[in-house]
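S.K.: Can you read through this structure? Questions will come right after.
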Amino acid sequence: MTASATPCFATEGLTKRFPRVTALDHLTVAAGTGVTGLVGANGAGKSTLIKILLGLVPPTSGSASVLGLDTATQGLEIRRTVGYMPEHDCLPPDISATEFVVHMAQMSGLPRTAARERAADTLRHVGLDEERYRPMGGYSTGMRQRVKLAQALVHDPRLVFLDEPTNGLDPQGRDDMLALIRRVGTEFGISVLVTSHLLGELERVCDHVIVIDGGRLLRSSAIREFTRAEQTIAVEVEEGQRQLADRLTGGGETVAVQGRLLTVQVSPDDPGRTYDAVRDAVSDLGLSLLRLEQRRGRIEDVFKEPVA
Amino acid sequence: MTIEPTAVIHDIGYRHYDGVRLGRGRATLALGVQSLRGVFGLGRTIRAKIMPLLLAAIMLMPTVVSIGVMALAKQFVMPYSQYAVFMQAVIAVFLAAQAPYLVAPDLRFRVLPLYLSRPLTVTDYVVAKLAALTVALFCLMAIPITIEFVGEMLIDMPMPLHTGDFLGALGGTVLRAVLLAALGVALASFTPRRGLGVAVVIAFYMFTAAVSGLFYAVLASTGRDDVAPWALLLNPFFLVDAVQSSLFGTEPATGEGYPPGVASCLILLAVIALAVTGVLLRYRKAAS
């Protein structure tokens, strides 16, 4: 991934020590436009990094910039052009989502009429319909997360920080939220920094992933590099597994047998060849195909690799 | 037969905002106006409107009585400068009921980080909240005496208009609004629980009023007449009354006289400064 002219954010030797704990330890990292994932276990320093990037917490040492603005001196400018969705609950229960998002738009400097229009638009985009006129106290977790996202987007920022947006959601809600984040990054054209302690879900939406642990950088690279190494396809047939394996091996593919599954290594130079070979082999041998799926190397593997 | 659609909804996708973006000052003003409306329950539920509007109505009752007496008996019974001291319990209840509304929910439901992630500073937030409560208290206290003054002008009284007393009372009302708003927000902002905030503010008023009255009585009965007036200043309403009578020359509401005016003014300033500093420190801590 090539670094763009002004990175979305960049840190240089960023360190933050609290009286009892070091949250960030000489973190030097940068991210370009698009969707960037920030992964780390709880307490890895993700939220602290976001607060420093918002210019709300001064670092102990080192520096950071957001959209080319210095977090130490240009915090107000930064907060004018970014949005923030906190990890914790932040919605007063007795007012409606519409009123709340209009108010938050005004707090970002939008005039009242523009705030109303933007709030209606944004709530529609995050998928909140008639219920947006009801007090938020009666909302489900999924709806609450959508309102939190809407208030971060309502002033049309150039970059949003989303702190654990899938927290507390059921699998369906999680998928919806991830799809929404992907849309924000692509269709809306707003760069996203999204944190999660679940590695698997970020690889579905991110262009770039930063992994931190204990306040230190573990890895920062484009998502392609995370997943390219171990491209395999899993094949399951009703009978004739051995025949298929022999046929594929004869054709020059690397095949491994894992129980009822065959895993075929995808050729890194010519991925199409592997897929064609599997298709032709199954068809020629007249086998009943039960399963055919892509297997990718998982971001989890980062933690298994020794730290470079 | 098919019905031709007369209107079609097009999904035009995400639109960027390229209109005006106002500065910090306007955002602070918007927060202040929203808070001020909220103090009187405007834009909130019916339940939230009952208390402030009821208290505002009670504040008008002496005005109605006073205008009635002026019209029928041609007598001036309710000096403007003593209105607030006379109605201090009602004002204190209003402060206790509404100050926690301004600050507690933002702390309890953790809305504060959302404000601070925008181009507002902690100081802007505190200024907006203090200003909103100050304006609300000023309206609560100034509207009844203004109506009474209009009444006095309209009724043909045998004596001259009490214009000096009215203007002095308005000046005192400004000071009282600032002091009470600072005290109310300072006390209420220390707890995220609204009910507790209400209790703390009302307890503070009752405590100062009781201690002030008790010390005054004890000191006066033991012949310490030189020290006794100082005890009155413990009650915020008498403190402002003392400043009002020294700055604007109104009659003291107690009839007993106060310590020298300069001392009262300095105490008033010190209490306001202390309360505002307390609020700012509280929010600096909450923000980090």
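Numbering starts at 1 and runs along the chain as it is shown here.
The backbone N, Cα and C atoms fix where each Cβ goes, glycine too.
In case it's useful when we look at the structure, here is the feature table from TrEMBL:
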type: TRANSMEM; residues: B:53-73; note: transmembrane segment
type: TRANSMEM; residues: B:85-104; note: transmembrane segment
type: TRANSMEM; residues: B:125-147; note: transmembrane segment
type: TRANSMEM; residues: B:167-188; note: transmembrane segment
type: TRANSMEM; residues: B:195-219; note: transmembrane segment
type: TRANSMEM; residues: B:261-281; note: transmembrane segment
S.K.: Looking at B:85-104, B:167-188, B:195-219, which one has the highest count of Cβ pairs under 8 angstroms to the transmembrane segment (B:261-281)?
M.R.: B:167-188
S.K.: For the transmembrane segment (B:195-219), name the stretch out of B:53-73, B:85-104, B:167-188 with the most CB-CB pairs under 8 Å.
M.R.: B:85-104
S.K.: By Cβ distance under 8 Å, which residues at least 6 away from the ends of the transmembrane segment (B:85-104) in the same chain are close to it?
M.R.: 35, 38-39, 48, 51-52, 55-56, 58-59, 62, 78, 129, 132-133, 136-137, 140-141, 144, 180-181, 183-185, 187-189, 191-199, 201-202, 205-206, 209, 235, 237-238, 241, 253-254
S.K.: If we skip the immediate neighbours and take only residues 6+ beyond the ends of the transmembrane segment (B:53-73), which ones have a Cβ under 8 Å from one of its Cβ atoms?
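M.R.: 40-41, 83, 86-87, 90-91, 93-94, 97, 140-141, 143-145, 147-148, 151-152, 155, 157.
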